[in-house]
Structures are given as structure tokens and as C-alpha cells.
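Structure first, commentary second.
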Amino acid sequence: VKKEQVQATEGMMPLRKDYPAEVPQAPDFLVSLRSHTVWEKTPVKLFCTVSGKPNPIVKWYRNNVAIEPLSAPGKYKIENKYGVHSLIISRYNLTHPQFTVRPLIVSSFHFKLHFHKGVLSFSVVFSVVPLLSSIHPSKLEVTLLESFGVTFGTEGESVSLVANMVVVPDLPNLPPEVMWYRDDTLLMPSRWAEMSIGGGVAKLTLPHLNKDDEGLYTLRIWTKDGTAEHSAYLFVKDATPTVAGAPGAPMDVAVFDVNADYVLVSWKPPNTTHEAPITGYFVDRRKSGTTDWVQCNDSPVKVCKLPVHGLTEGASYHFRVRAVNKDGISLPSRMSSGVTAAEVESDVEVYVTIPDPPTNVHATEINKTYVVLSWAPPSPRGRAPVWYLIEKCEGDSHIWQRVNTAVQLRSPRYPVYDMEDKKSYRFRVITVNKYGSSEPSEPTAAIQKVDPCGVPSAPRQVIASRNTKTSAFVQWEPPKHANNLMGYYVDASLVGSKKWFPCNHRPYKHTRFVVHGLVPGDTYVFRVQAVNAYGLSEESQESAPLFIDAALSTPSAPYDISLLNCNGSSMTLAWKRPKNTGGSKITSYYLDKREAESVEWKEVSPSPAVENLTTGVFYEFKIQAANLAGVGLPSEPSKAFACEAWTMAEPGPAYDISFWEVRDTSVLVQWKPPVYAGAGPITGYFVDMAKKGSSDFVAVNAEPVGHCYLKVSGLETGASYVFRVRAVNAKGVGKASDVSDPVCAKALPGTKEIVCGVDEETGDIFLNFEACDVSETSKFTWSKSYKEITESSRLQCVLSSSKLTFVNAEKEDLGIYSVAVTDTDGVSSSYSVNEEELKKMLDLSYNIKHPIVPLKTELNYEILEKGHVRFWVQAKKLSSSVNYRFIVNDKAITSGYKISHDVSTGIIQMTIEHFTKANEGTYTIQIHDGKAKSQSSLVLVGDAFKAALKEAEFQRKEHIRKQGPHFSEYLSFHVTDDCTVMLVCKLANVKKETRFTWFKDDEEITVDVPPNPMSGSCSLPIPMSKISSSEKMRIGGTSEMAWMQICEPTDKEKGHYTIEIHDGKKSHTRTFDLSGQGKWKLDYRGRVAGGLPDVVTIMEKKSLSLTCTVCGDPSPEVTWFKNEQEVVSDDRFKITFEGGKFASLTINNVHVEDSGKYSINVRNKYGGEFVEITVSVYKQGGDIPEPKLGQMAKPISLKISFRLQCTSFHL
């Protein structure tokens, strides 16, 4: 900021009074005291600014009594700096002589100015809550450093509250005295709270959290000057219930009214923000030293207290409570402290025989569930043990009935349950001992079961206001009908979500509460419920919506005033903005001046520079900032500037150094150009940097940069740096700017970068920035090349929007774009739009602005059964508002064809019922679905059209043919097991007069049994002769080979052999001449020359090698089989064929399972031979089987190999 004053919006400028420059000057308050409302246990600071000449004497008063800081060391601190007077009041103590012990004390503080003509006073009223005890003597000086903050936990977890401190002197054997409080209750070490102090650390550990632990925790340390204290709230939410929807556990279980066999147990109800209302409670008890819990009540009790009788006198008990609703039972509460059932002391020394009756019989607890009767034991009671009998009568009748027939009462308390609704009863009590019974006591007045109080009414006027960036201050009016309040529950909801969540989990006693853990920048509403023993009230009305941000306050003081230019009669100043803006935008600055030798300050009228100065005089300046909350504190006076004209040739200093885009290793430095340019225009800038605390500056850039920003990289994460800037012109390097504030090279938590994208609806290219921190008054300032975008026909941006939209993006839009979020801790980012990415975004934008309907299939056609032709296309998705049209040969189809579509399948179709030569041409469909379009074409001309026309005519004729008798399945055949060829066909639409005739080569065939067309099928058997398999001629084969083997051939077997193979459509024939004319071919066939036995016997775990010599020209192929299954070579079965002559099968480590029939098949194109070997494997130690020896056969095999492509053919 170079101007000494920034104008505020009209109507928002804070006003300052004008003061005469004459001497003397009457005292006056420039900034007056204001009323305060302060939190309990917190200090308060009062400030005001006064003026007057001569300087006024300032005196502070409390309740018209002058404040003397020495009378209460550490209580008050009075300061005076540059005309700003302050009174700092530390905490109040309950025993302070000026206070009485009350929850709230309202005190008046008066501020008086004494001067030679009179006294001017001003008063302020504020409220505080007193604290606990007197000053504790101590010799230690203790200063708290880092302390625990607001803490969140869950039941069952462990939490530690830690405070670090400096102790002087630090004596290991004499640590400071530390006390921990929860809601003003002093905590003692126990199983629930562990405390430690030493090594400059005070620590409180809660090892097993429970909602009983929720509250305001205060650490108090005794020091030489009094106490050092710190407080923060601990929130404890419910543990996850064992049954979904069950309520949270009750809390603060307490036991009182303890007697010999009777106690009264009370507790506080849980909050039920999400859960169903509570219908009752179960109370459990456990004797000390045992682990078994016993339920005290058979049915749930609706009120938050239960009388428990029937206890063992002298035994110690613990109690716990469980809540019940329609969904289930909660987890148990924390158990109570142990209590011992003991008899009330009485006078037993007096000798008594027949006892006196009890006195003062009355009801101490009355509700719709039970009535507790209480009475005073007889006095004197005597030494003999006594017990009591209770009688009741209905209304005014005198018919008395015994109440405790099976229970011997030893305590003067008894709960009565069996009372009918809307009926009143009277009760009396009789004392009994071993000598006899007393007379009945005086009867009670009529007692009826009623709820005298019920739940409280709802709280009123809930008001929420800002507190911090993550908390809100909520206050309310108490309910009209309090009915013994236990406290309040506060709930919150994010505006628009309609989902409420609890803010506290233990009833809070006061009518104001700070809600923590809120999300900055979100808007919430709040509601409150009152709590008593009967349950929760109705919810209060919701508060007004509250935007979560820090509360408004006046800004802090500007600082580091510097001189930018001087022409001998005016000066241009710059200063650094206040570090704390008070949560509101700075609306104006106020500038005061004085001559260096003077003490009188004068306000400077608004202008670009401080005018009307005297050459050669030294001036000092001070500045105040103002916002919506008012005028802040003034800055420290500047150093004295000489009013002498600048004449140097080099430029003046740059100013207003700021930091943006702070990341872990980089930061963007920006500045404003010098006001004084020197003898020539500024040509560039040098940026220097140094680590915080160091004066060793190094230049960041070797060459000057021509713009007022520079991104500095290579920084050390977490380190702090300072920067300065030097401007350059033709005459040299100018004066360096003031050193900047330090900046830490660490990105803000949750920092995100600008994202470039395309709007899916409009197709506009945009840059979007999601800020990690934002306030209600935040604005998004977009810049190009770090110059703010104000008005542009090419860009659209709104200050309150995080999006920058390009209007018809082109190459002119290439460059660096940045955004900064105001009223945040420097939230900013930048993005470089390069040519490649712009092209990508433009393509995507075009596709969105000109969308297409995605198609699963292009335009296609099919021929239907009647000869109709269907043209169709299928889209991936269609809406119900889709429009389309078919175009044939450049003419749109409007009628004559059936056109329809199905949204669920995405199919659009057109059917031509009579397809003719006139339908040849190009078919096109155009689809419009919203903004999306699509088109598909089909060219049906030439051979493609002729084929379609032929098929359409065929289907049309077929349809006509099928109107009379016709073949539903045409003629086919199959071969039966007895080699009979069976010709078969199926008929449809036949009548009684339909005739069926068989023909062969156009000649009618006369069959023995005429076919019956009405049966739907006709067949004609054709017997065939075949060669049957026998010992002489063996026939077999596999899926790839059929073979016939002639054993020991003779002249009878000479002739031509033919094999016919039928696949259902064609017949395949192969012929072999075995007439003797082709003997030379048999000589060249593949065969086994020798070496294989008929039978092999071998013991298991041995190796077997079957080896033989084969021959044939060309060299034959060799295949080994086991039980007619081909053997594949592996680790155990090794097959070799060496030199085209020696074939072997080796079986390593034979097993009994390897027994079987092995065979070798040797073949080439002239034929082959098939030889079998029987292998028998016996176990070790077993009998060797006798081989069945036989002569090796010498067969001749005819083998034909074939491969058929028809998958339906099988041999």
C-alpha cells in the first residue's frame, strides 16, 4: 500500500474527531472503553486512547475504588504506550476481599483523567466468574509454553493432556505444585486419572475415557506471583453400540441416602440426537471383590433414579446403569464409587423393651413408578435390633394392609411399587424388636403416584455467533419450566443437510456453550434441549444460520513505515498491512504526522502523498487501520524522514513485497514498482533472499526480470526466508526495498492446485480452484501474468466464484493464470495454459458443444421370413424425446413404411414389406436426441442389392409355399449300425389327401410300406453290403484314421478295396489296389523288420525298453500306443527314433499300472504295419507270471489317413 489512506465504502468509514492544534488541550477519549462479557477463568484487557495537553494523569478505578497494582500482586497490570492506556486483569479468586461467592459478579471499572482544570472519567461494565482459592506461597517462577488445546475422544480410548513449561529454578526434587480441575472439581489420582509432573512437563492421562470425563479441564500451577493457568475443553463421544440404533450409555452414576439395606441410585440421561427416544433404564449392582453384576429392576425404570433395597448390611457395592430404547440396550455406564450399606447411628445405650413407634413418616420420592417412604427411627431405640412393618390403606378407609410381608426392613426407607394409578393411599409404620411391636405411627397424608415435575420445557431464543474459525458461541434463554434441571444438550446441523449431530455428550450446566470442531467456511444451525431426571425436553427452535469464521475485531497496527519518494515539499509513504485484519476487510487508513522535535501529532488529510511539508525538516509518521469493527491501534512512530528532494539517478526502492503460492520448496514473490524511477525507466529487478535471522543475502536471479514477480524454487521445506528487491535502470541498481516479513516454505494443509477442465453441459473451457481455506468475506482474485483480470471479453470471472471461464478460447489465451483468495492466510495457486493442452481442451469442448448419439451398431438390414426387409440401427442410449428420420436416395421417408423405436434397447427400425428393384440405393438415418446428433448410412446397390433382393424373393416364395404342404426339413440321411442308409425328411401343413412319393433318378420307387405323410416324417431305408470285422480282417480306427488289417493274406484277398466316408452332404471315396499289379508299392510300405516280442514280463521299479527295427521308403512315421491310446514322451515314457531305422519306447521305474497292451504303428504313404506287445509288471517279491508265448504275427495292414472339416462327422 503506498497511499497513506484508503477510502472506505460510503457509509462504512469509521469516524475520528478533529482536534485543535492549540495549547493547552483538554483531555478527551480518542478511543473509549467498551463493555465486555468474558469467559469464566479468563483474563480481560481494557484499552483506551486519550489525548490532552499537558499530558493527562491516568487513574483506574473499580467500583469507585482506586486500583493499586501493588496491593494485589499479579492481579492488575497497568500500561501506557504511545497514548494507549491498558488495564490487564488476571483471574478472580473466590476469596478475594472485593467479591462475594456468587456465580456471576458484575463490576464497574472507571477510568479517570486528572489535569489541572478537572477530572474526566469513563466507565465500563463487564461480567466475570470468580475462581477458587487464595494465593499459594511459592518460590518458583513458572511460565507456561505450549499447552493442550480442545481435545476430542471416544469412550474406551486413552487421552493425555500435556502442558510444557519453564520452571526457574528447575529443581528435580522440588517440582512446582500442580492441580487439575474438571469443571471446577479438583481431580485426584485414581484408576480413571493419572497425573505426572517433571522435566518441564505436566501431564494428565485418562486411560479409559467415558462421557463422565467430558468437561472443561484446567491446569493450575502455583508460581511466585500467584498461579499460572490454562484451560481447554475435552469432548467424549459415545462408543459404537453393540446393537445398531441403541442409545448411548448413561453417565455420572451417583449413590446417596445410604442405609443398612437401602440406597438411592441416580444418573444423567444420554443425548439421543440420532437414536430413538429412551424408554427406561436398568440398574445393575456388584459386590466389591466380585465380578458378577446383578440386575436390580425387572422392568425398565423411566426416571433417572432408582431406590435399591434388600442389600446386605456391611457389604460394599458398585452400581452401573444401562439405557433402553426400541432398538436395544446401551453399553453400561461407568460404575459408581463403592458404597457400604451401613446402619444409621442411634442411641443404643438406653435400656428399652417394647420400642416406640417411628415418627415423621412421609414420602421423599414420588413418581409414577414408585413412592419412597421415609421415617425417623424411634429414639431411644435400645440395644435390641429393630425392624419395621409398613401398612397402607386406600383413601380415607381404616382397613390397613401389610405392605412388606416377605421383607424384613432394617432401614427407615422403603420403595412402594404396587400402587394403582389415580388412587391415593395412606401409610403407617410399626417398630418391631424381640420384645414385641410398637404402636403404629401417625399415618401419612394421602399419597398418589404422579410425576410432580416431568421433563422441562424447551429452551428459548437460541443465538449463535462467531468465535473462531472452527468454533461458534451458542447462548440461549433457560426454559420457563426448569423442573430441577441437570443441564443442556446442544446439537448442530449443516445447513441443507437436515442431519443433526451432538455438540456435547454430557449435560452442560450453563446457558452458553462454545461448539468446537466445526468446518471453516460452512454454515450451521443450532438447537438446544434441557435435561432433568425425567429425560430430555422438546428441541428448541433452530438458531439463525451461522457462517463459521473468526469473530470480527479491530485490526492490529500497521508497521514498518518507509519512504518511497520525496520532492522537497511532499512525501510518499508505504507501510506493511496489519498482521491481523480482525476478520474484516481493511476499509481505510489514518495517517498522523509530527515534526521530529515535537510531541504533537496532527492528522493528515487524504491525498496520494503527504503535502505541505517544509524542506529540510525531519518528520515522523504513525498509521491506524480501520475496518467494520472500528479503528485499530496506531503503529509505532516511523523513523524521522528528512524532507529533501530525491535527485539520484538510480531508481528508488520497490515496496509491498508479498508472497503467494507458498509450497514446500517454492514461493512466488510479488512486489510493486518504485514510485521514484530515477533518471530513466526501470528495466528490471533483482531479488535477494536470506534465511530468517541472517543478513547474508544472495541474489536469486542472475539477470534482472522485467516483471514484478518471480517464482523462487529450491527452498528447504519448513525453513523461513526473507526477501528484498532492487530495481534497475540504465544508470544502475537502485536502493534495496525494506526486508520482507519472513515466509515459511511449507504448504498450507489441504492445499490444492488449479484444475483445467471443460464444462460437461456447455462445453466451456474453465480453470477451477478449490480453496483449502475460505471465509465469508473471501473473494477469488484471478490474474493473467499476475495482473488482475478486471474486464475482458475473452474471460468471465466472478469475485465470489472459484472458476474462471474462457469465452471462445484461442491462442491469445495462452499464458500463466493465477488466483488468490482474500481474507485467508495466503491461499493461492497458478496454472500455465500451453498450446498442447489448449488444443486438447478445444477438442473436448467441440465434442461437448457438438455432441453425438453413440451407436452400438451402424445402419444394417436383415431379410425377414415373409420377404420383408428391416433396416435398423442401435444406439447405446436414447431418451424418450428422441427425434429421427430415414432418408432413401436423398428423399425423407414420411409414409409408406413401418418406422418405430424402442428407448429401452436403443433400436430404431424401418420395415419395407414389398422389397423390389425400385428400392436399390442409399439408406440414411439422422438422429437428434437433445443436443446430441448422429447419422448412419447404408449403400445397397449392385451385387449387394441383388443378393438382398434374391433372398427377399426367396423368403417371400417360401412363405407362400408354406401356406400348403411343404418340407419343414429337407431330405437327409444317416447310416445305422447295420450299415443301412436311412433317407429322412420332415413334412408340415399336410392334409389327409396329401400323397408322398419316392424317386431315384426321376424314376418312382415302389416301397413295401407306403409312407404316411400325416405322421410328419417319411423315411426310406437303403441296405448296403460291407466288410465285417473278423480274425482275418480287422477293422478299426481313431477320430483321424480308419484302417483295415488283413492277417496272413492269401490269393483270395487280392482285389480292389474301397472305403467310402459320408459326412451327411458329400461322399468321400479312397481306393487301394491289392490285385498283385502293385506289388512294388507294398515293398516300400512302412513295416516292422523285427526285434519285438509278443509278451514281456518285468518286475516293478525296473526299466523296460521296447526296441525294434523298422523300414520303408520314404522313411515311415512311428507312433506308440498303450491300450489304443497314443503314448506321449515325458519324464517316464521316452520315445526315440534314430536314423530312420531304430524305434524304441523306454519306460523308467515301471509300476503295476503300466501293465497292458502296447502297440507300434509304422506307416508311410504306401501303407504301414501295426504290431502289438503284451507287457505284464509284477510286484517285488511276488511270483513271476508265466508268459503265454506265441509266434509273432506277420500281418499286412492297409491304412488310410484322412481329415474331415465337418464337425458333425464321427467314426
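Positions of Cβ are set from backbone N, Cα and C atoms, glycine also.
Per TrEMBL, the features are:
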- 27-64: domain 'Ig-like' (DOMAIN)
- 249-343: domain 'Fibronectin type-III' (DOMAIN)
- 357-453: domain 'Fibronectin type-III' (DOMAIN)
- 458-551: domain 'Fibronectin type-III' (DOMAIN)
- 557-645: domain 'Fibronectin type-III' (DOMAIN)
- 653-750: domain 'Fibronectin type-III' (DOMAIN)
- 754-834: domain 'Ig-like' (DOMAIN)
- 965-1075: domain 'Ig-like' (DOMAIN)
- 1093-1176: domain 'Ig-like' (DOMAIN)
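Averaged over the domain 'Fibronectin type-III' (458-551), the predicted model reaches a pLDDT of 91. For the domain 'Fibronectin type-III' (357-453), the neighbouring stretch richest in Cβ pairs under 8 Å, chosen from 249-343, 557-645, 653-750, 965-1075, 1093-1176, is 249-343. In terms of DSSP helix, strand and coil, the domain 'Ig-like' (754-834) has 3 helix, 35 strand, 43 coil. Using DSSP to sort the residues of the domain 'Fibronectin type-III' (249-343) gives these counts of helix, strand and coil: 0 helix, 43 strand, 52 coil.
Among the listed stretches 249-343, 653-750, 754-834, 965-1075, 1093-1176, the one sharing the most Cβ pairs under 8 Å with the domain 'Fibronectin type-III' (458-551) is 249-343. In terms of DSSP helix, strand and coil, the domain 'Fibronectin type-III' (357-453) has 0 helix, 43 strand, 54 coil. Here the domain 'Ig-like' (965-1075) has, by DSSP, the following mix of helix, strand and coil residues: 6 helix, 59 strand, 46 coil.
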